[in-house]
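First the structure, in the form of structure tokens, and then the observations on it.
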């Protein structure tokens, strides 16, 4: 029988490619005397049988991982408008510097005298980030945004406890990312959710009535999760400070402000930065990221240990003498390789380039929003660097936002963030970033408009999408309930 | 899309719970057909233990669907007398049969007059109409 596409579409696992005895490398015979393992390792640590590793040749490994990288969607393959995640292009020069042997081959146990260059890089990165956000001190340790948030909440606690006034609650707007309330709870605070006003912003009047002696502070993403600039932020900061609270900015959306407005100048006391968003380091498969936390002077004593300092003679050191510190939050000094990439990015762009980055991110979103808003509604209006559209108008055809997201995959576009924030029904949150061309934005907008037409003319067609992906619709409920992510050889349990 | 079912014999909260009076001071609680439709496929339902007490509109549990996690709110103050343990193995019952097999908890009320402030079927239908 003739088959038009005889290529296997389901890529076999690397374990399934394994054949006993196949090898990718030839290890030479040792030229030093050998000793039996039993003499070198404690008995309890000896394996009874060899681990079940795949036995494959080098080109099989390369083909395998190349093939699965093509089954995935990533920013090197196509547009990735995942709102709130700032999936900008990751420049390859970042990879080059991160692989320099003098940086890549360091060991965290080396004495500080032997790693002055690396410490200098971290110190300079810290100085640049402080200038970008308008803060006085910084820690580069937190591994991601959510850990940065947790550090922020622990700083709230440390600060108020030191004042002899531990407080109980933290106020968060209802547009916030889910990690904000989760972090607050994890740090032992009670969450007070504040309803956004009609423009999708925090209302100073509503805030004032929620403030009190028990409130440790406010977490306010800016621009917020709807992409809207919190234009009352200075008034909000004044009210919070008057009530004895602190202002925390989730820096998830800093890309919109970069080089134009500084959280420190807006009245914030603490901000975290997502280097894997704003500063072009890879998002990876959930990591590693980096979420440095910058603070105003009055919070500096509580920052995580150790703090990097520069002595008068230009030498760099790690300061462990911070008795009021919240302690250590990451192994060694943070995700150093990520820091090298962010450093490279900032140095390549320079001050003017950073500013143009933020402005182009906002311009790109304004263009995308203008092209789409006649079809997809914007319940809270256009955002700065991202906009939250509603797919509600398709419900009468039985088509939902999830279906639009699935159909987009057929256009070679990653789906936007969907069903979030929760205050927009059938939300479609799209963030183009500054690294896309007008042609790419046009392609995306035309795909979105075409899908809306398809949904009206032939709802079933959209509801059955995608058609061109390695797998079609998955049973997401089952995948959530019983994720099966571990390979088990046949016959084992 | 089919209209959401709003049974006439039940009462409702603005947070999309339904309430069935099962005795003078006892109610049965679940989430509405509209709510399950908006949530889409339910993955987990986390319910309290029997004996736990909640105040009016306090969160008594969480429901996790493929697309979002939401809190479940107690329509009135009271003590949990029974929970639907079957939802642990079969959370999809909330999608399949929100007013039947998908029920969540039974509450012994502190003050049955609190039910007066709940929404009528008409009031709830109005709430969910766009």
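Every residue gets a Cβ built from N, Cα and C, even glycine.
Those TrEMBL annotations? Automatic predictions, nothing curated.
These come from TrEMBL:
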| type | residues | note |
| --- | --- | --- |
| COMPBIAS | A:1-10 | compositional bias 'Basic and acidic residues' |
| DOMAIN | A:360-456 | domain 'Glycine dehydrogenase C-terminal' |
| MOD_RES | A:277 | N6-(pyridoxal phosphate)lysine |
| REGION | A:1-38 | region 'Disordered' |
| REGION | A:474-493 | region 'Disordered' |
Problem - Helix, strand and coil totals (DSSP H, G, I; E, B; other) for the region 'Disordered' (A:474-493) - result: 6 helix, 0 strand, 14 coil
Completion exercise
Same-chain residues at least 6 apart in sequence with Cβ under 8 Å of the Cβ of residue A:277 (N6-(pyridoxal phosphate)lysine), in sequence order, are A:85, A:86, A:88, A:145, A:252, A:254, A:255, A:283
Exercise for the section: Return one of helix, strand or coil for residue A:277 (N6-(pyridoxal phosphate)lysine), based on DSSP. Expected result: coil
Completion exercise
Checked against DSSP, the composition of the domain 'Glycine dehydrogenase C-terminal' (A:360-456) is 49 helix, 11 strand, 37 coil
